[in-house]
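Okay, structure first, notes after.
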Amino acid sequence: MCGVVGVWRPEGPVSWAVYAGLLAAQHRGQESAGVTVGDGVALRTLRGAGLVTEVFREGSLEELSGRVGIGHVRYPTAGGDSVAGAQPLVGVTRAGEHFALAHNGNVLRIDRGSLNRRGVGYLRTGGPREREGESDSQVLTDQLAGRDEPPAQALRELLGRVHGAYCLVLATRSLLCAARDPHGFRPLCLGRLPDGGWMVASESAVLDAAGADFVRDVEPGELLVIDQDGLRSEHFAAAPPATCLFEHVYIARPDSLIGGRRVQQVRQAFGALLAARSPVAADVVVPVPDTARPAALGYARAAGIDYGEGLVRNHYLGRTFLRPGDGRRRDDVRLKLNPVPEVVRGRRVVLVDDSLVRATSMRQAVALLRRAGAAEVHVRIASATISWPCYFGVDISSQEELAGHRMSAAEIGAHVGADSLEFLSAEGMREAVGGEPSLCMGCFTGSYPTTVPAGAPASARRVPPPGRTPPPAR
């Protein structure tokens with residue numbers, strides 16, 4: 001799970017627009033950040049570990065002058081969390097043309113017919129690797145660097161053979177490319193700048209922050225090429241659309257549009273349906289800040305119960321789910337949340353969260369409310385039970401770490417110390433999104449829109465076309 005930004009302007013400079021976009025996409029990755037800018041003569045890259053404001057100090061953007069640029073914020077799903085994994089990655093084709101690439105997603109495999117002479121190996125967990133610890137983004141960069149064609153042409157020929165989830169941006173000294181995988185797992189959108197320039201970004205809210213007007217979503221299987229001759233679009237592959245539902249649940253900003261739906265409205269609908277299907281006698285509805293606020297508000301309105309900010313978040317710790325390692329998550333939760341006793345003391349509390357992955361945060365949150373004097377704590381989760389791994393770019397890689405795999409809802413409730421705990425159903429989630437059939441719900445249902453890699457749980461399966469029996473997981 002990462003964030004990508006790409007900007008092309010007829011006169012430049014692009015560095016501020018890329019920087020503003022990365023600031024707005026910071027929620028998608030906090031381990032590293034980077035920018036590459038092309039000025040028609042050369043590419044210059046600045047990247048490093050940490051937040052956007054930590055990597056780019058005062059004056060650093062002035063060194064990145066040009067009319068084409070790409071940027072990246074990273075949360076590692078493979079390849080470790082060191083500065084070595086920071087993007088954009090740079091490469092040189094056999095013809096000597098320099099390029100830079102930034103990628104969001106998780107590549108499962110690359111068909112052998114497309115490989116350069118170096119070849120690609122396969123990990124048991126899925127995803128191509130040439131060296132131990134190497135990221136799929138590096139493999140894509142290496143494959144492009146092994147070509148004789150210009151980067152845009154090489155990218156066009158490579159994409160049809162790449163399987164998995166990817167939204168990527170590529171820059172040369174004067175050209176910008178953007179592509180989205182044929183299933184459209186991750187969001188990617190196109191915007192127009194006031195000076196006639198173009199911008200692509202992981203979310204529409206990122207366009208807003210940079211002053212670009214939202215034009216449309218980049219379509220699944222679409223490649224955009226932007227240069228002084230304008231914008232050109234082509235489709236390189238087709239597959240059933242399968243946008244990640246967890247984007248609506250947790251990842252995306254509430255002010256973003258995904259598939260034409262405002263994320264905040266979808267989350268409020270999650271909460272309203274949860275109130276209708278899992279009611280409980282209570283005095284106040286409290287969100288786990290920040291992502292669960294819209295769902296908690298939807299629950300409170302539908303149930304006719306007061307809404308209260310009973311937990312205050314320390315915003316300087318980032319998003320706990322995005323912190324690699326369960327020990328770091330436990331430490332973060334203790335520092336991240338603090339109760340407001342006047343909101344919860346002596347009252348029956350409905351504690352609403354957007355999702356429950358490992359139960360680390362929820363157990364701490366319930367304990368905080370108990371210590372603050374809550375008479376009862378009833379947990380309501382505005383999404384279905386997460387019981388299966390994600391193979392498409394979210395850090396839900398081990399089924400054993402998932403509370404929903406190991407325990408029933410009642411057992412999870414007892415584990416976190418709640419008086420009751422209930423989830424919204426997968427069907428309820430689909431209803432809240434508008435009955436949209438074109439969704440990836442693999443982590444909730446175990447049914448994936450494409451073949452899952454070797455080593456997947458035996459219960460995981462591919463969703464078959466109508467009238468066909470799903471193949472066994474391999």
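Each Cβ is built from the backbone N, Cα and C atoms, and glycine gets one as well.
Mg(2+) binds D353, D354 as TrEMBL records it, and from the list T291, T385, T445 the residue named for this site is T291.
Per TrEMBL, the range carrying the annotation region 'Disordered' out of 328-348, 454-474 is 454-474.
Long-range neighbours of C2 (active site, nucleophile) (same chain, six or more residues apart, CB within less than 8 Å of its CB): R28, G29, H72, V73, R74, Y75, Q87, A102, H103, N104, G105, S202, G393. Look at D353 (Mg(2+) binding site): DSSP puts it in a strand.
Looking at D353, D354, the binding-site residues in this record, the fewest other C-beta atoms within 10 angstroms of the C-beta turn up around D353. Per-residue confidence over the domain 'Glutamine amidotransferase type-2' (2-229) averages 89 (mean pLDDT, predicted model). With the fewest other Cβ atoms inside 10 Å of its Cβ, the least crowded of the binding-site residues C244, C390, C440 in this structure is C390.
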